[in-house]
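Take a look at the structure below.
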Amino acid sequence: MNPLVINLQKCSIHDGPGIRSTVFFKGCPLECVWCHNPESQTYTKQVLYNEERCSKCEACINICPHKAIYKGETKICLDQDKCEFCETCLDYCVNNAREIVGQEYSVRDLVKEIEKDRIFYEESGGGVTLSGGEVMAQDMDFICGVINMCKSKGIHVAIDTCGYAKSENYERVAKCADLFLYDIKLIDEDKHIKFTGKSNDLILKNVKILSELGANINIRIPLIVGVNVDDENLEVKKMIEFLKPLNIQAVSLLPYHNIGKHKYDKIYKKYEGEELQRPSEEKLEEIKRLFEASNFNTKIGG
């Protein structure tokens, strides 16, 4: 089975240079507390439930051939283990309260979709960004097929990655992708495990590999009070020291937001980021100046 795509976002302006199409692949090895695309974490299809649209008529409960839908205390619930994605509940829901995320493409069909906006790429210096989930933790024959076909058509290819994938995957893609948008969240390993569920050893190793191979790298840092932002800028200073020896084109500082919070209800999952906060504008400017003082081309935002 080919990797699943949860969204092909057209006219994106925050995922690399110019106007771009961003392909969001499904499946990620990290579980970041602040993740704004929680439906992208699993590698399988999922049914999303929009409670605001649901009239509680219970037609879906009665019609589901696999008995996967049941009435909970306050809303209609779904047993994902029983669901076979037959779409019967979608067909019978007059309010469109359910949708399935995760669509399979062939390499050729996906590139055809990407190519539809080619005129915008050419006019703006844009292209396609392969994102996720985690694009580098997918079937790499498929991903390399997409990259190579796009490159053969003159389409600029960026890779948006959290860095947590096999090192050989990065070695394989380093010479054919035009740009890596590489997330660095924390240098402190214990904190990284606490907030993402995984060690950062592999992430820090892979960005060094890309640098050694001469890849074009833009570092992207989500800035979150209580995670990697504090009064003394301790974690930020660690990041700067780590990045100094590397071949880095630019640094993007991404202030925390919770605009994806509503998605958690749709997959029957609790949002664990309630206590997280966005840094003040003054703190963002302070951190920006720290990076600039070490000669990094730095901006706030994507």
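Indices start at 1 and increase along the chain as displayed.
Here the Cβ of each residue, glycine as well, is placed from N, Cα and C on the backbone.
According to Swiss-Prot, CYS54, CYS57, CYS60 bind [4Fe-4S] cluster 2; the candidate from CYS11, CYS86, CYS93 that the record adds to this site is CYS93. Report note: the [4Fe-4S] cluster 1 site is defined by CYS28, CYS32, CYS35, and the residues of the same chain whose CB lies within 8 Å of the CB centroid of those residues, excluding them, are LEU30, GLU31, TRP34, ASN37, PRO38, SER40, GLN41, CYS162, THR196. All protein chains shown were included, and the count of other CB atoms within 10 Å of the CB of CYS54 ([4Fe-4S] cluster 2 binding site) stands at 17. Summarised as a single figure, the pLDDT of the domain '4Fe-4S ferredoxin-type 1' (45-74) averages 94. Ranked by Cβ neighbours within 10 A across all protein chains shown, the binding-site residues HIS36, LYS185, HIS257 are led by LYS185. Around the Cβ of CYS28 ([4Fe-4S] cluster 1 binding site), the same chain contributes CYS35, SER40, GLN41, GLY132, GLY133, GLU134, ALA137, CYS162, each under 8 angstroms and 6 or more positions distant in sequence.
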